[in-house]
Structures are given as structure tokens and as C-alpha cells.
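Annotated in TrEMBL:
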| type | residues | note |
| --- | --- | --- |
| DNA_BIND | 27-66 | DNA-binding region |
| DOMAIN | 90-191 | domain 'CoA-binding' |
| BINDING | G101, I102, G103, N104, L105, G106 | NAD(+) binding site |
| REGION | 218-259 | region 'Disordered' |
| COMPBIAS | 243-253 | compositional bias 'Basic and acidic residues' |
Amino acid sequence: MATGRNHRPATTRSRGIPEATVARLPLYLRALTALSERSVPTVSSEELAAAAGVNSAKLRKDFSYLGSYGTRGVGYDVEYLVYQISRELGLTQDWPVVIVGIGNLGAALANYGGFASRGFRVAALIDADPSLTGRLVAGIEVQHTDGLEQIIDESGVSIGVIATPAGSAQQVCDRLVAAGITSILNFAPTVLSVPDGVDVRKVDLSIELQILAFHEQRKAGEEAPEEEETAPPAAPPAAAVSKRPEPGSDGDRPAVMPA
Ligand SMILES: NC(=O)c1ccc[n+]([C@@H]2O[C@H](COP(=O)([O-])OP(=O)(O)OC[C@H]3O[C@@H](n4cnc5c(N)ncnc54)[C@H](O)[C@@H]3O)[C@@H](O)[C@H]2O)c1
């Protein structure tokens, strides 16, 4: 039996829960919250797995890391699981968030009500454009980047969201880290380098679209009538070709979607 260290899944620093399990916890939580809103008291692992889009054996394994095994014939207690997963994800406390770069995306994020309802309170909005300073976005005053360190210090923020053009993202990241931020959500299409102890999550909708384009292309290939197989190969769809700019270039546009 393979018990060597190399076969162990990557785990979180705190309680040895595999990272892959942590990544699925928000999916379970979203499905459970929907059940809770419909006042559903219990749910079977199969039902919950289907609602979360996860294999049920994987779900049971994931929940075993939380010490939650459900009751045979009854299933899992929805409210208790919501509490357990929220606690595990650190959502039973308020997480103040700073958004840097209040353009189209930053303003949309600031206005998104779903953050606050999940415990992420937008505590500060920062932008380098002086014409935005003092402007109200989602009821919060935009502040200038000159005061970034002081704003972070005073607002007790622990999570930074970067929504600046790619060319500014590393510099913004460096300042956030120097100011004490240890978790960054990066929307800019560039790879950030950070010191040990700082977690970066990257969101890139264009990558998701490229993956969908890949599947669409495969589906089209599977459905194509036989005679088409002899036709000359078509030019690859635009989304399959990486147009992503090199980090440091002026590219602040995702490969597929206009920024
Ligand atoms: N991840 C995704 O799926 C996704 C989707 C859309 C856009 N984006 C990216 O998000 C970023 C923002 O897009 P947008 O459409 O909102 O752009 P935008 O031009 O509307 O907004 C960018 C804002 O950043 C500010 N800014 C520039 N340099 C700064 C700095 N050093 N410090 C603080 N603020 C600074 C600008 O003043 C501007 O207000 C871009 O990098 C874009 O490519 C990502």
C-alpha cells in the first residue's frame, strides 16, 4: 500500500484538510445554503453531491475530514453542515476586504451584494486616478493609492482584491503585502510573485471561456457527419489561440473577453 509522503494530497496549513477538499467546501456551502433557504432539514449525500456537482463518494470523504458522517437513512443535517463548513472556511467571522482599481470591474465587485452576505465586507476602495478620489461607489468613498498603507492599517483589512490593469498589478501587490495583507484575489491577467506566507488566488474568466471553447470544439468534432472528416482542417477558433500578453507588457486585456 502506498503510504509514502509523496502520495499524500496537499493539505492546508491548519488542520490537514486537503486543498482539493477546501476548494470543494464553497460548492457544498452554496448548495446547502440553497437547501437551508428552502427550510430543507436534511439531505442525503447523493442529493447534495448532485446539487454541488461533485461525486458522492468524494463528498463523503470530504465531510469525513470535517468529522461529519451523517446519519444512515436520514442523511446530513443541513443547518449543522452549513455551520460546520462556514466555520471551517473562516466565514463565521467578518473579513474586511480592500479593492484596488475601481474601474469597470472593481466597481462591479464593490457593488456585488454576494460578498457581504458571505461575510466579506468591502471596507475600502482604492484607485490611482485622482479624479476618482472621493467618489462614492457602492456607498463607499474611493481613496487615493497614496494612502494605501494607512488605509489598510486603519481598516484592519486582511484580504486584498486587485482589479487594476496587468501592468500595475505586481506593484499594487507588493504594496499590499508590505502593508500586511496576506491574502490576495487577483483579477489582473498577470502572474504575481509573492513571498512565502501570502496566498494568491487568480480569477480569469477568459481561461474559463477557453476551456469551454475546447469542449465546444470537441463536441463539434464528435457530432460532425462522417464525410466532413475528409474536409481540410478549419482554422483554430480564436479562443483556442493564446493571445495573452506577456507579463509586464501593456496587456491589460484578457485573451477572449474585452476588458
Ligand atoms: N479576471 C477576469 O475574469 C477579468 C474580467 C474583466 C477584467 N479583468 C481585468 O481586471 C482589470 C480591471 O479591468 P477594468 O475593465 O475594470 O479596467 P478599468 O480600466 O476600467 O479599471 C482599472 C482601474 O485601475 C486603476 N489603476 C490603474 N493603476 C493603478 C494602480 N497602480 N493602483 C491603483 N489603481 C490603479 C485605474 O485608475 C482604473 O480605475 C484588468 O486587468 C482586466 O484585464 C479581469
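Glycine is treated like the rest: Cβ placed from N, Cα and C.
Here the features listed in TrEMBL are painted onto the structure.
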residue: G101; record: NAD(+) binding site; CB count, 10 Å: 26
residue: I102; record: NAD(+) binding site; CB count, 10 Å: 26
residue: G103; record: NAD(+) binding site; CB count, 10 Å: 15
residue: N104; record: NAD(+) binding site; CB count, 10 Å: 10
residue: L105; record: NAD(+) binding site; CB count, 10 Å: 18
residue: G106; record: NAD(+) binding site; CB count, 10 Å: 23
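If one looks beyond the DNA-binding region (27-66) by at least 6 residues along the same chain, the residues whose Cβ comes under 8 Å of a Cβ in the stretch are 16-18, 21, 74-79, 81-82, 84-86, 88-89, 91. Apart from G101, I102, G103, N104, L105, G106, the residues listed for NAD(+), the same chain places the Cβ atoms of I99, A107, A108, L109, D127, A163, T164 within 8 Å of the centroid of those Cβ atoms.
Annotation note: G106 (NAD(+) binding site) sits in a helical segment as assigned by DSSP. Summarised by DSSP class, the composition of the DNA-binding region (27-66) is 29 helix, 2 strand, 9 coil. Here the domain 'CoA-binding' (90-191) has, by DSSP, the following mix of helix, strand and coil residues: 40 helix, 29 strand, 33 coil.
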